[in-house]
């Protein structure tokens, strides 16, 4: 599965922002709109609740054959047999996580600059999440990554790159010609009143990239 992943529209969940009654409903609507990858991020809940939520979300992602990535929690990822794990710079080292999860699961690593991106690739990451590209309410302590830094990362790494941080429909065109592999999106999907429609519009804008003159 790892070699055939479509990173184009990468939903990162946030329970506090969702417009729906349940997280499962939000995830399913986003998939129907064109989400190609789902990362379950639960920062506040107990391990038991995270586990139960992950099992429920996995039923939906499996139904549509969409990979499920767990944020930070290697134990939860293994417990529910998720497709992969995404870690930040302050989490367990990527080399350690790779040893724990094995070669078959997807490993994503956040990187804010070229050095972090190169180290992530060297340490066994399957993809890199670069950002924050813009200021964002979901990660108030995230430092911003410039477009020039992104271009440099794209030149130097050979694994897929997704951008994250304040991505919305209007900003997608900023990435024209940079050849990113995907958009990791939080509020522009999960906080929208019509999640399916919003996701579809984001996918349409992403598909226009690199074709604009």
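Glycine is treated like the rest: Cβ placed from N, Cα and C.
Sequence annotations record features per position, and here Swiss-Prot assigns 4-amino-2-methyl-5-(diphosphooxymethyl)pyrimidine binding site to 39, 40, 41, 42, 43, 71, 110, 139 based on sequence analysis. Swiss-Prot lists 72, 91 with the feature Mg(2+) binding site.
A map of Swiss-Prot features onto the structure.
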residue : record                                                         : Cβ neighbours (10 Å)
39      : 4-amino-2-methyl-5-(diphosphooxymethyl)pyrimidine binding site : 23
40      : 4-amino-2-methyl-5-(diphosphooxymethyl)pyrimidine binding site : 27
41      : 4-amino-2-methyl-5-(diphosphooxymethyl)pyrimidine binding site : 18
42      : 4-amino-2-methyl-5-(diphosphooxymethyl)pyrimidine binding site : 22
43      : 4-amino-2-methyl-5-(diphosphooxymethyl)pyrimidine binding site : 11
71      : 4-amino-2-methyl-5-(diphosphooxymethyl)pyrimidine binding site : 21
72      : Mg(2+) binding site                                            : 19
91      : Mg(2+) binding site                                            : 17
110     : 4-amino-2-methyl-5-(diphosphooxymethyl)pyrimidine binding site : 24
